[in-house]
Every structure is written in C-alpha cells, then in structure tokens.
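Asks: Please read through the structure below; I'll follow up with questions.
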C-alpha cells in the first residue's frame, strides 16, 4: 500500500530545470530519507509535493491527485511540512503558534508538550524570543498540530547544537515508534538517518540516482553520492 | 500575563470607565455639548475598531473603509427617508415603507456593508501592498461618486432625517441615552475584537499577516482568512455609519470620502495599531483636538499632522504603547 506516490516529477525555476523525472514512494508508517548534496533538488522535491512549486508528473497522496491542488489543500489532506529555516509565527506565543495551526485529531498542545517538554515550559513565550532549537521544536509541533498522515522535515536539524539535534532525532524516533506516522526526512546527517529511516532516495543534479533500504547504502555509494 | 499586557488591561479598563463617566460629568457640569462630542468620538471609534480588525490583525491597509461607513449611513438614511415620507421602499413581494427602528436599521446596515465588503474583498484581496490600498481607494471613490449622482436620495446635498430613529424602551433624542446606545455598540465591537484576536481564527489571521506561505503549509488559506476579516471589518464600520447618520440626522456623500478613510487609519495609528483600545484613543484625540484647535484656527489639521508625525517617529505603539509599553507586534 502506498501513501505518497511521486512519479516522473519535473520542476523548473524559470528556464532552469531543477527536477528531472524524480520518483519516490512512501508507505504508511514508513520513514524515508531524501538525501543529496546542496542544490541537488531536495527542497524542490519537498516543495513540489506540498505544491509550493509547480511540478509536472504524477503526485498522489492516498490516491488523491495533488497536482491540481493549492498548497493549503495539500496540507488539509494530511501533509505536514516543517520547512527549512523554521519560520515560526514570530509575534505569537508558543501556545498561539500551535493553536493557529490546530486541526482536529489526536495531536493537541498537551501531546506536543509531552514530545517537547521545553515547549511546554515556554507556552506563553513569544516565538521570536526562543532559541533556534526551540523554534525548530515549535515548527515540528506546529506541523504535528495539523494531524498529518505524512510529516515532512526539511533540514530540521541544520545549524543546531549537538544536544538539541539529539533531542530532535530522539523525538523523530519516538514519532516513528509511537505513532506509525509516515515521515519524509531531508537531512545530511547520515549516521542519524541510518538510525531512524527505513529507506532512502538520493538526488544528484535533480535526478534520483539511488533508491533502496537504508542498510544497503554502503560507504562507497555514500562517498560517491553524498561526499561523506 | 506579561507586564505590558497587564498594564494595557488597566489602561483599557480606565478608558472604558472614563467613557462611562463622560456623560455623567457633562450632565453634572452643565456641558451637554460634551455629550455630543463624546458620542461622535465613540461612533468614530466603532468605525476604527472595525478597520482595526482588517488593518491591525490582518495587516490590510484599506483606504476605502469610508465606503462601508457611507453604506451604513445610507442604509439608515434610505430606510428612514421612506418611513418619514410614507413612500414605500418596494411594493413587491410585500409593501415595505422603510423603518425608523434602530435595531432593524442596524441589522440592515451591518448586513449590507458586510456584503459589500465581501464582494470588494473578493476582488481587492487578489492584490496586496500598495495595489490593495489603491483598489480599496478606487472602490471608495466609486461609491462616493455614485452617491453624488443618486438624485433620488439627495445627490450631492444628501438627505435630512427629521427625527432620530427610535430604540425600544429608550428616548433616543435624549443625548445621554443615545450616547449610552453608541457606547454599548462600541463595547460590543471591542468585545468581538478581543475575542477574535484570541480565537484560532484571529491567531491564524495574525500568522497570515506575518508569513502567509507558512499558513498555507498548515492547511489554511490566507485569502479566505483575510476575506472573512475584511467582511466583518466592513460590517462593523457600516454599523458605525448608521449610528453617525443618526447622530447628525443627516446623510451625505461626504461619508464616503477618502479623507474619512484616511482619518480612520490615523485614529488607529495614533491610538496604537492592533491595540484593542487604540482606535478609541485615536478617535477621542481626533475629536478632542478638532473641537479645541478647530475653534482657534481652521488650519488645525497642521497641528494634528505634527502630532501624528511625532507619534509615528517617536511612539510607534501609539498613545496606548506610550502608556502601557510596546506590544509584541506592530510596534
């Protein structure tokens, strides 16, 4: 059974083509890593799935065609995006950020607070005064408040201190273990990705050049395709 | 609750109580004209509270809100005009001879101006920034020139309503009772804004003002949020227009003027953008200065402009911000 199906995705920025027939699928409860060096099309792929970038090809979520939907309707269908660069609603408190995004479902403020106790302690604090790590937790919490079937994390640990990064990876592992939510993770931390992801897709210059289970990604392929 | 919020709450409570005391003081001091001035300020405050929902919460700088003020005014004028002249407003499917009942007039003014705001919003919200300002200004001017050419309802001269409309159980010709009605409407409008700002809708609207693309990412349509806010905003401003027409017992195209739209924005800036009582303070300062300085010189707007300049340059939270401290947004 497939939750997300992206086939032959192509996307352009003006005259410049960013994606060339990218394919990826995600089953319910599966955690997929989307990897690649900088500028290889990872964020464009994510934005194409969320309809923030116009892309051609097949794009289905649980059978629903996403290609003609505006981005807010894709989110309503159950795609929760944690965007690159966090960008919380800076003038709202932690609690207000979560309430503004809330949709009916199992995730509420209490549950987000249990996942990220730091946020629970700072419910009344203005988002712009949070640390980078706390803002990232808030961005994840905000996406969870939409009660998604598919959570997309775009560079969720980028630029964070090692301890905070570990907290976020622990939270992702807990989401996988306790919720069975499908998760698509864009990140460069191969070691941590190996810990939580079932499969991986590697992009190179806008093309999917490697797809397989995480354990099959050997050192040679990682060195050649990711430079690590 | 933060210190700024607590201080602002006290300031708001003091202002609200102050508005209750104004007619009592005026009555005691034998200054009945002060009640009329205060009524004018309260009605302007209602109009600006309406605009503050669009501008303060939604970031929509509308330079055409006088259109809704005028629509509310003309809703009152047309209903009362037909009632006082015993001329049916329409005869099919039933004969309706207008009305001089304030509750009915308020409902019509609220509904018609809200409907117009919805239609204007549908078109105007396709744009943003300076284009939004210009398109709202254009709609305002369309209504202005239409009212000038509408000979059936007085054209450029406007319409006189001989007797103030009635409210069940009250003598609306008594200035204090009419002030009380307007004050009750203002209190209700403030309550709506306060509840709205804390509701999921208000928070999402605020978020859409900050980062619209992130609001889409959580499944909300910023245009729909803004349209709802703009509609409610126009409806409340229209209600203020009906009250204003009743205060003066006169309706004219000047209610649609773009200068009035600008003044509503100025009320909000003076009082404090997105601050609950900002429009109230702004309207009070404007009406007060208009009365005090207007008697000294017809060029009193020069001094008013200097005050506005001072607030924009040195007190961006407006008067409320200067007293209660800077808020988290807009300041």
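Cβ atoms here come from the backbone N, Cα and C positions, even for glycine.
Annotations for this protein, taken from TrEMBL, read as follows:
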TRANSMEM  B:9-29  transmembrane segment
TRANSMEM  B:41-61  transmembrane segment
TRANSMEM  B:66-84  transmembrane segment
TRANSMEM  B:104-125  transmembrane segment
TRANSMEM  B:132-153  transmembrane segment
TRANSMEM  B:176-194  transmembrane segment
TRANSMEM  B:225-244  transmembrane segment
TRANSMEM  B:264-289  transmembrane segment
TRANSMEM  B:301-324  transmembrane segment
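Surface or core, plus neighbours and distances: that's what I need for these features.
Replies: With a cut-off of 8 Å between Cβ atoms, the residues of this chain six or more beyond the transmembrane segment (B:9-29) that come close are 1, 35, 38, 42, 175-176, 179-180, 183, 186-187, 276-277, 280-281, 320, 323-324.
For the transmembrane segment (B:41-61), the list of distant contacts is 19, 68-69, 125, 132-133, 179, 182-183, 185-186, 189-190, 193, 196-197, 202, 205-206, 208-209, 225-226, 229-230, 232-241, 243-244, 247, 263-265, 267-268, 271, 273-275, 278-280, 282-284, 286-288, 330: same-chain residues at least six beyond its ends, Cβ to Cβ under 8 Å.
Residues 47, 50, 97-100, 104-105, 108-110, 112-113, 116-117, 120, 136, 139-140, 142-144, 147, 153, 158-159, 161-163, 165, 233-235, 237-246, 251, 253, 255-261, 264 of the same chain lie 6 or more positions beyond the ends of the transmembrane segment (B:66-84) yet place their CB under 8 Å from a CB of it.
Long-range Cβ contacts of the transmembrane segment (B:132-153) within its own chain (Cβ-Cβ under 8 Å, at least 6 residues beyond either end) map to 60-67, 70-71, 74, 77-78, 81, 120, 123-125, 159, 251-253, 255-258, 261.
Listed as Cβ neighbours of the transmembrane segment (B:176-194) (distance under 8 Å, sequence separation of 6 or more from its ends, same chain) are residues 16, 19-20, 22-23, 27, 35, 38-39, 42-43, 45-46, 49-50, 52-53, 57, 102, 106, 164, 167, 170, 232, 236, 239-240, 243, 246-247, 276-277, 280.
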Asks: Please report, as numbers and ranges, the same-chain residues at least 6 past the borders of the transmembrane segment (B:301-324) whose CB is under 8 Å from any CB of it.
Replies: 4, 7-8, 10-11, 266, 268-273, 275, 277-278, 281-282, 285-286, 289-290, 293, 330-331
Asks: How about long-range neighbours of the transmembrane segment (B:264-289): same chain, 6 or more residues beyond its ends, C-beta under 8 Å?
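Replies: Sequence-distant neighbours of the transmembrane segment (B:264-289): 8, 11-12, 15-16, 19, 37-38, 40-42, 44-45, 47-49, 51-52, 55-57, 61, 63, 65-66, 69, 186, 190, 193-194, 197, 237, 300, 303-304, 307-308, 311-312, 317-321, 324, 327, 329-331.
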Asks: So what's near the transmembrane segment (B:225-244) in sequence-distant terms, Cβ-Cβ under 8 Å and 6+ beyond its ends?
Replies: 40, 43-44, 46-47, 49-54, 57-58, 60, 62, 65, 67-76, 102, 105-106, 109-114, 116-118, 120-122, 124-125, 181-182, 185, 189, 192, 196, 201, 204-205, 208, 215, 255, 264
